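Features of the protein shown, as given by TrEMBL:
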- 1-18: signal peptide (SIGNAL)
- Asp149: active site, charge relay system (ACT_SITE)
- His189: active site, charge relay system (ACT_SITE)
- Ser361: active site, charge relay system (ACT_SITE)
- 436-577: domain 'P/Homo B' (DOMAIN)
Amino acid sequence: MARFIALWMGTLLQLCHATIYTNDWAIKIRGDLESVNRIAEKYGFTNMGQIGDLKRHYSFRHHETANQSKIGNKEVTDRVAKETKVEWLKQQVVQRRVKRISRDFSDPVWNRLWYIQCSDSKACQSHMNIAAAWRRGYTGKGVVVSVLDDGIEREHPDLKPNYVSALGWDTLLGKGTLIISSLAELLVHGTQCAGVVAAAANSSRCTVGVSFHARIGGIRMLDGDVTDIVEAQSLSFSSGYIDVYLAGWGPKDDGATLDGPGPLTRLVLQDSVQTGRQGRGSIFVWPSGNGGERGDYCSCDGYSNSIYTISISSSTQHGSQPDYLEPCPSTLATAYGGWDREEMVTVGPQQSCSTAQSGTSLAASVAAGVIALTLEANPLLTWRDLQHIIVCTSKAHHLSAPDWRVNGAGYKVSHLYGFGLLDAESMVKEAERWKQVPSQHECAEEAAIQLSRLIHPGSVLMSVHETTGCSSKAPQHVAYVEHVVVRVNISHGRRGDLSITLTSPLGTTSQLLANRPLDNSTEGFQNWEFMTAHCWGEQAAGEWTLKIQDTPSQKKDGSKLGVLEKWSLVIYGTAERPYPAHRERARSAEIPTDSEEYSGPCDPECSDDGCEGPGPQQCVTCLHFFLKFKNNTRLCVSGCPRGFWGDRRRCKRCYASCESCTGSRSDQCTSCQPGHHLTEGTNTCTAICGENYYLDHDANMCRKCSENCLKCTSYSICTECKPHTSLQGNRCQRSCAAGFYHDPQEVACKPCHQACATCAGAGVEACNTCAEGYLMEEWRCVSSCSAGFYATEPNPEIADGHRICRRCDASCLTCVGPSRWNCSSCSSGHSLQRGACAADTECTDGEYQDSNGECHACHATCLKCTGPQSEDCISCISSQALDEGRCVVGCASGKYQSGGRCHLCDHTCATCVDAGPANCTSCDTDKFKVERYLYKGMCLDACPEAFYHTKQRTCEPCVDHCRLCTGPNHCLKCNASYYVSDGSCVKLECGEGEVEDPDYDDCMACEQGCKKCVLYNPRHCLSCIEGFYNFQDGCYKNCPAKTYSVEEEMTCIPCDDNCVSCDEHECYWCESDLFLLGNLPSLGKT
């Protein structure tokens, strides 16, 4: 019942999301202001001005269009789009944005600043060290924070000292200062957030802000029609002056919405990190979301999921997870946001105090204050410097989460809390000595998807993409990771059933998406970007694994499977190590040292335990990994080198053939040493791919052939089959006798239709060739030719040598041959004269006779006809051909022109120039779903030896002397006397004492002593090396028994019969039972 209610709520939520169009258009125009105003006036618009800091982007308002409508004004859009100077335009729609906080009001409270003064005495398990940063003299002075919300009550006593009027903007009313008298009761959420950030100290009525000397401004952009224009204007307002933009809102946290910035807002975010703050980049702080109780996941929020925003999660006072919290891997860090009775004291509307009860927007406000303290410590920090500092200094201690893990760079990270709780003191200390990180690089690659893209319910679809981090392109090369973005296109019947993970080369798994019970959308994901920060600091190169799982929550049509249409991997980071080699890592407190001990800086790879010297081999303990050497010394490294794997921070050696691995066994390889290939499924490295595998040259992997293949050149192209199957084109199928076909559903051979001699399936339309007594008529087997066709004699070049039916001349009703003089009967109005059909009327060419005997003009395309329509032609002018009663300039694909008519090509051809299977000009999948390839005018189901299959469906020759290849430079097997080298065939030049081994394309040793031996028989010597004697096709160091040597010729000569030892003159020893008689053996007596 609970599941039903959840599904019903999800459906109801999505039905309520009707699109509301406004009368505002965003438009990009190439030209000066005069051109812009001319276009606005021409189409009835008012130019509302440039959109924020976006050059050449303007906001136009159309007063003849309704302010709110469920139907867009496409007519106006289409008319304006035709202007040559208009590059882009879009009618604005209302974006549903909600404030991420709950609220309550009370009397002033002074002792509830637990998020600032948290200590163990107050049962606080962790703290943000805000007061400690204050003690170091940092209060946010000189830093400007803008709150993008429902406005700020600027006259509030706690805000007035820090409020900057020039930073007040009302996007709804278009005025530069907020109207307080009539709106004060509405300025709740923005006022509360502003109080947390920058309420003044000492004279405060309610509270003290985290950065109580920071300057504050407010932009009122909620509580009205929020469009892409409104958001873009707000996020780029005064970007040269404002340092931090705080947004306390986002798309609806209802567990069903998938929404993010529009095109203008995306452009503003991207531009502002380049141009804001005098080129150092604007800082955007965003709450991660409050939809936890509704099963929401913040990866479905395109704002907190952006690399340009700092997404902040929330924790309770005791370090536990609030129920409203949304997990996702784009969350960077955590601040206190409260839960239950943990009110956060702040300011309220109408000069009141309030206790805001909980929400990630309050946590984001605390974070914005901490960031202001950090920017005061070092105003030169860039937007990326700040994110690096957050990653380096955030603390995971005592934040309760089940998924804390250490990533491949040694950072502890969680989907609930990011890299941990912000530590204000550590951040300002790190900022004081920070050196700017190297420039950001972007490595974007589209992943190749394996053959199966289907997402089956209850199973996991895995796609692996290996990257070098764009190492061959210097401006794009990423060696050290910051953000990773996965852009996906997935179609699916119920989006909420999907979950997605991404695993980095170093084994860090990011849950990009979890199941959302209320998300019943059938729209899937279209170019949606999932971002993870969990791989921060890791090396980019290696295999990235995407896994998609469908966990069905209700019965669905099994035939409608989800499909991974495409995905791409975008890695952001640096080409070199981002931190200086001799910079100490951040510390939350100073580490006391003995004055007699080493007190200099430690290597960046040393942990917080310190070091005994400046080198990486002098660390007390290592931050990431260590290599141990035979002399018992250790070297700290950021990642294990090639040939090693990380086991609890120790780098252990991989198996000998592995270049990288996950363990020391031979089946734990992830990449291989040169000369070896990774075997799919077994994770072993081998020099030669085994049976049922083929070498994927691009991936350097041995991949599995398709089912029933014993050997193959790619997944779908078999060259040898397993027992009980045979090669049918490129596929291995069960062997069936002539007149039978293989039914894969029943795994049995079934008889063809009686009209077929051979067939590809059931029914007469599946005939390959016709049975005895049947003729092939335009791809059909018939017992006799139809009217308008005649039977030909057997011809081995046509339809496998069987009789076929060909079309008569258009003037004949029936015929015995192809010519107009071979008619045997005529249509009405014509009579047979000497084998030709002549008209019985006086009508001339271009006319036909009606039922009353009157002549009328044919259609303009016909030379002769039977009626007035274009399809009534029976002959055409010489430059055209007759096709199904019409005169056409050229025959359609799959047909050829002959005798003034269009005829069907052979069923194996895609296009052709004449009848029969030997006149094809291009190939495709034929009517039996068999893939065919062009070879010497024929469309074959498999290319012959020494040719390879191309994507263009042709057979192209392999390189010279190659017998089997997968491409022009990928030879797999060479002719005799040649061997494969780098995909080509090289002449086998065997040395002295060697002979070719045809089975292995290599040289093998001849028998000992042979200088030259015979192919296939290395024991048969043709000549011997110096010092060896030749005897009966063998070479001997010493002549064998019963022979003697001839030194001049280095040969051995047999002794006489029965003589065991001799020379050229006499026998010296006889066989048993014989004795010498003179110089000859003689029979002995007993």
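Just so it is clear, glycine is given a Cβ too, placed from its N, Cα and C backbone atoms.
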How many other Cβ atoms sit within 10 Å of the Cβ of Asp149 (active site, charge relay system)?
30
At a 10 Å cut-off from the C-beta of Ser361 (active site, charge relay system), count the other C-beta atoms across all protein chains.
33
Quick check: in three-state DSSP terms, what is His189 (active site, charge relay system)?
helix
Just how many other Cβ atoms lie inside 10 Å of the Cβ on His189 (active site, charge relay system)?
26
Counts by DSSP class (helix H/G/I, strand E/B, coil) across the domain 'P/Homo B' (436-577):
6 helix, 71 strand, 65 coil
Report, in whole Å, the straight Cα-to-Cα distance of Ser361 (active site, charge relay system) from Asp149 (active site, charge relay system).
11
Three-state secondary structure, which DSSP defines for Ser361 (active site, charge relay system):
helix
If H, G and I count as helix, E and B as strand, and all else as coil, what does DSSP give for Asp149 (active site, charge relay system)?
strand
Hey, how far is Ser361 (active site, charge relay system) from His189 (active site, charge relay system), Cα to Cα, in Å?
9
